[in-house]
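Colleague: In case it's useful when we look at the structure, here is the feature table from Swiss-Prot:
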type	residues	note
BINDING	GLY41, PRO42, SER43, GLY44, CYS45, GLY46, LYS47, SER48	ATP binding site
DOMAIN	9-250	domain 'ABC transporter'
Amino acid sequence: MISLQETKIAVQNLNFYYEDFHALKNINLRIAKNKVTAFIGPSGCGKSTLLRSFNRMFELYPNQKATGEINLDGENLLTTKMDISLIRAKVGMVFQKPTPFPMSIYDNIAFGVRLFEKLSKEKMNERVEWALTKAALWNEVKDKLHKSGDSLSGGQQQRLCIARGIAIKPSVLLLDEPCSALDPISTMKIEELITELKQDYTVVIVTHNMQQATRCSDYTAFMYLGELVEFGQTQQIFDRPKIQRTEDYIRGKMG
């Protein structure tokens with residue numbers, strides 16, 4: 001369905017283990033460039049495990065292992081000699097709960113940039129404004145950049161985390177249930193932002209909210225018990241699923 005030319009991430013025969021527990025089983029999947037792909041499925045199905053394998057977050061924890069291939073622009077991230085910090089710069093991540101750093105709004109954005117680039121003060125100011133503008137936050141914080149990131153509302157904090165992620169100019173942005181802790185208005189702003197971000201980034205989102213998947217995503221992957229059950233364009237998955245288990249899940253017949 002997605003050609004090689006359209007592919008940003010190609011997953012081949014991916015298996016993942018938590019010690020002896022086989023959490024992901026022979027996953028094969030292509031993630032399209034400059035599109036939003038949603039992972040859906042019941043709790044414990046493996047969708048967050050799959051998402052976090054894309055930038056090797058699992059290496060922060062003991063006794064976790066991935067085998068197979070996760071090719072980003074043709075390079076296998078599981079075997080590459082690329083520095084792990086560079087991988088996580090290329091494949092940025094925003095977590096379920098907003099996690100601003102204990103520093104100013106300005107430094108929340110500038111911190112990661114300083115790790116990879118030496119910018120003049122003027123250029124750094126431009127980058128901070130650019131990232132906050134991209135995250136639809138600049139107009140709300142431009143007069144209080146010196147204030148702590150913790151001083152913002154939950155929805156603003158999550159947009160700050162998105163701005164922090166895109167400030168280092170990744171090619172992929174991973175969002176792990178980014179709206180689950182937010183109120184409906186903040187959720188709407190994040191969803192609008194996700195739709196806009198695909199102009200510049202490949203976006204992958206894990207969500208329990210199937211309505212959110214239909215609103216935000218171009219492609220949807222349904223997972224169950226560590227297996228990829230069905231993958232396709234979002235409208236097709238929700239309107240005309242080909243697999244009975246997919247239909248049962250989206251119609252609420254299974255948890």
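Easy rule for this one: first residue shown is 1, then count along the chain.
Any Cβ shown, glycine's included, is placed from N, Cα and C.
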Colleague: Would you pick out, from the binding-site residues SER43, SER48, the residue whose Cβ has the largest number of other Cβ atoms within 10 Å?
Modeller: SER48
Colleague: Once GLY41, PRO42, SER43, GLY44, CYS45, GLY46, LYS47, SER48 are set aside, which residues in the chain still have Cβ within 8 Å of the Cβ centroid of the ATP site?
Modeller: THR49, MET223, TYR224
Colleague: A 10 Å Cβ contact count, applied to the binding-site residues GLY41, GLY44, GLY46: which residue has the minimum?
Modeller: GLY44
Colleague: Given the binding-site residues PRO42, CYS45, LYS47, which one is most crowded in terms of C-beta atoms within 10 angstroms?
Modeller: LYS47
